[in-house]
Amino acid sequence: MRFRPLLHRQFKLLFYGHSTHAHLQPALTGHPPKFPTPCSPLAPDEFPRYRHRYIMDIPPPIITVVELSIGQVQCESTEQEKVRVSNKALWPEYPFLTVHNIGVVVCGTFATIALSLSFYLIWRHATHYLRPYEQKHIIRILFMVPVYVIATFLSYVVYHHALYFDFIRDCYEAVALASFFTLLCHYVAPNLHDQKEYFRGVEPKNWLVQKHVLRRHPMSWRRPRSGLTWFNIIWFGVFQYCFFRPLLSLIVGITHWRNLYCRGSHDPRFAYVWVTGFLVASVTIAMYTLVHFFRQLRPDLGGRRPVLKFTSIKLVIFFCFWQNLLVWLLLKHKAFKKIQAVSEPDWRTGLPCLLICVEMSIFSYMHLHAFEWRSYDLNNLEDNRDLWPWAYAHGPWRALVSALNPWDIVKAVSRAFYWMFVGVWRRENDSSYDSHRTSPPTPASLEKGDAALDPRKRNYSEVMTKLDFRKSLLRRRLGAITA
């Protein structure tokens, strides 16, 4: 049955307001009608004819759509980054002596001292490039101070874009940690093949939390039976940070550019919470494995000053992280008094940058003793002269190019992930597991009550050997029966 559409007045009341026909809900078929608007109403004779079906029903409720978009959420840190430094002078007769200008001068002075000491030591190692497999990583570690100082000074001067310089600086932290780990490996063996042979004979120590935290569940984080497997675990723990640190820095740069980062915010709609969580997990794994590796090799590195080397790197990372966090917490809780001459960027960016530049000048002097160059001078080599090369490997410029080439780090990262996802399933095929499979009990072990004799701690390989023997015996019996 065909019905004429409602009159214009009735349809308008039905759509916009109250009407006696409000309980009638038209269900339109075909193309949607051209609804009248208050600005351009349709005349009754111009309204198109449609096929209607009237349904007695309750009118649908009005649904308010709330748009939840990150772009409409105001980020407090983004607004703070737009604040400019104060131009009020400390003394009226010297208008150029503002807090920001004085901080830039002090920061630049200590940065110059740190750069001078660091470049002097780097050049000395480059001109005495006697052992490339060691000094290449030493030069990379020494470049940590110049990278930190330059990025920090630029963060102070261009404080509106300090976040980008901070993450460039933090990216080099992963390179320094990986270089220190590789340097320790080269102290015990000159190449990766010899390092594998060395660690096959190493008896790994218990993990740092194995006895205390995981005492009730020893199988959840047990010590590897093979020293080579333990070495590969340490390798992955260190070099995964070299992969995730630049990746997370790239994510930070993109999200900050799109106003989606919001530094210091705990809102899960912003990227800061997620990036910080992944970053803390990655750096914790890297530092934990590196500390455990240093603890294992420390007795074998007696004449290399390992404690001083490790301290000079660890303190740089420690101070840069915790003092920045402390300043952010103090600013968040409004611990600093409001002074007209000191603006918020001077507290938020200037104070950490000033502290880092002062500390880098101290650490650059510390590196002179931790990574001394005189031990690689041919004129000073008197003991064990036959074990050292008779000439320097390269000139200074070629040595710097070799040290700054990151290809070996890329290969190390690839090897780490390949072992974690592929090689870990074939680890027991290595010869280092043979001693655990075929070692018979000795009289001394019988007296001490060796764990291998305990049925609850019996070696899996011994059980499999007995099963193979029973299978072969069963085959022989079946062969005799069928014959």
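Yeah, the Cβs are placed from backbone N, Cα and C, and that goes for glycine too.
Sequence annotations record features per position, and here TrEMBL assigns region 'Disordered' to 430-450.
Annotated transmembrane segment per TrEMBL: 102-123 (among others), in sequence order. Counting residues 6+ beyond its ends, the transmembrane segment (102-123) has Cβ neighbours under 8 Å at 90, 139, 142-143, 145-146, 149-150, 152-153, 156-157, 346, 350, 353-354, 357-358, 360-361, 363-365, 367-368, 371, 373, 396, 400 in the same chain.
Residues of the same chain lying 6 or more positions beyond the ends of the transmembrane segment (138-159) and with a Cβ under 8 Å from any Cβ of it are 85, 103-104, 107-108, 111, 114-115, 117-119, 121-122, 125-126, 165-166, 168-169, 172-173, 175-176, 179-180, 183, 313, 316, 320, 345, 349-350, 353-354, 356-357, 360, 363-364, 367, 371, 399-400, 403-404. Annotated transmembrane segment per TrEMBL: 138-159 (among others), in sequence order.
Residues or ranges marked as transmembrane segment by TrEMBL: 233-257 (among others).
Residues or ranges marked as transmembrane segment by TrEMBL: 269-291 (among others).
Residues 141, 144-145, 148, 169-170, 173, 176-177, 180, 264, 344, 347-348, 351-352, 355-356, 359-360, 363, 366-367, 370 of the same chain, all 6+ positions outside the transmembrane segment (311-331), place their C-beta atoms under 8 angstroms from a C-beta of that stretch. If you look up TrEMBL, you'll see 311-331 (among others) marked as transmembrane segment.
Long-range Cβ contacts of the transmembrane segment (269-291) within its own chain (Cβ-Cβ under 8 Å, at least 6 residues beyond either end) map to 70, 73, 75, 174, 177, 180-181, 208, 233-234, 237-238, 240-241, 244-245, 248, 251-252, 255, 260-263.
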